[in-house]
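As written in TrEMBL, here are the features:
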type     : residues : note
DOMAIN   : 13-344   : domain 'Acyltransferase 3'
TRANSMEM : 12-33    : transmembrane segment
TRANSMEM : 53-74    : transmembrane segment
TRANSMEM : 86-104   : transmembrane segment
TRANSMEM : 130-151  : transmembrane segment
TRANSMEM : 163-178  : transmembrane segment
TRANSMEM : 198-214  : transmembrane segment
TRANSMEM : 226-244  : transmembrane segment
TRANSMEM : 250-275  : transmembrane segment
TRANSMEM : 296-320  : transmembrane segment
TRANSMEM : 326-347  : transmembrane segment
């Protein structure tokens, strides 16, 4: 997720484009979601549902591309360099942003309410480091670190000739039976979600499996693209139905969680095929976004919080009030990405190559 692709062969540039696609989807769910929350009409409820169905669980894209990049690029460098790079470019930025965001009290259900004392700041730091609770987007980093830790095991399984691929297929399918715990559930207590670790291990393993023979897998997707497109449409339609009907839990299982997993994995394959078909003609505007994807992940929520109140108040005075969720959401999406990239550029100017160890890009 953090490895630069600018020095890789052209045939891997489509992976870089996919990373840009992934971060745009992740920012979109937050930008449009919070903008819709500010809305004052029934239309915003429709926008919220559409936003969830299109963009919820887009973190699956990040997990998949992380596994894909490991097998395609990082594996040949060996485990010592792999883990050292993750320490420098994932753990250290995580520490920096945890220190930064802990100045805000995450136990208050509002944006950026400062801690009442330095003592409270120090008390919250350990739990925020361990559980990714300094601000809600950081929940994924402990999960990502778990994925890195199990990488050697998954890689070993993948190399077993007789039955390795069958076991990987089972690991990829397990999330169909495991309910992903949502962010607000994680905030109700101090715990590392084993469910989420297993859930995203499936997508990570899918990326590793896919990259084990890139060209062959791409050919398979191209051959079956109509079926995959049909399944993407069906899974999305089912998500619309179960969401509107408020159907989800059956015992310990979650229908919605399983459908989101299927939908996002299939969309991943189709989007990868699309970018692969472009060859060297990848969207130029997507390249810098992909390059800064990890820092955008850390920073975008800061700018969403800054713009949210302003956008909400402005759109309330306009005759387009019923559309403010869309208009405000798109504005916040573009602005938060642009400002995150601006801050990233400033850090590069100030700290050079060391900026990756501070903000991840």
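Just so you know, glycine gets a Cβ as well, placed from its N, Cα and C.
198-214 is the stretch from 86-104, 198-214, 226-244, 326-347 with the greatest number of Cβ pairs below 8 Å to the transmembrane segment (163-178). Long-range contacts of the transmembrane segment (12-33) within the same chain, counting only residues at least 6 positions beyond its ends with a Cβ under 8 Å from a Cβ of the stretch, are 1, 5-6, 47-48, 51-52, 54-56, 58-59, 61-62, 65, 68-69, 72-73, 137, 268, 271-272, 275-276, 278, 280, 282-283, 286-287, 289-291, 293, 296-297, 300-301, 304, 325-326, 329-330, 332-333, 336-337. Residues 14-15, 17-18, 21, 56-58, 60-61, 64, 175-180, 199, 202-203, 206, 210, 218, 221-222, 225, 228-229, 231-232, 235-236, 238-239, 242-243, 282 of the same chain lie 6 or more positions beyond the ends of the transmembrane segment (250-275) yet place their CB under 8 Å from a CB of it. Counting same-chain residues at least six beyond the ends of the transmembrane segment (130-151), those with a Cβ under 8 angstroms from any Cβ of the stretch are 1, 30, 59, 62-63, 66-67, 70, 82-83, 86, 90-91, 94, 97-98, 100-102, 104, 106, 124, 183, 186-187, 190-193, 196-197, 200-201, 204, 208, 297-298, 300-301. Mean pLDDT, taken over the domain 'Acyltransferase 3' (13-344), works out to 88 on the 0 to 100 scale.
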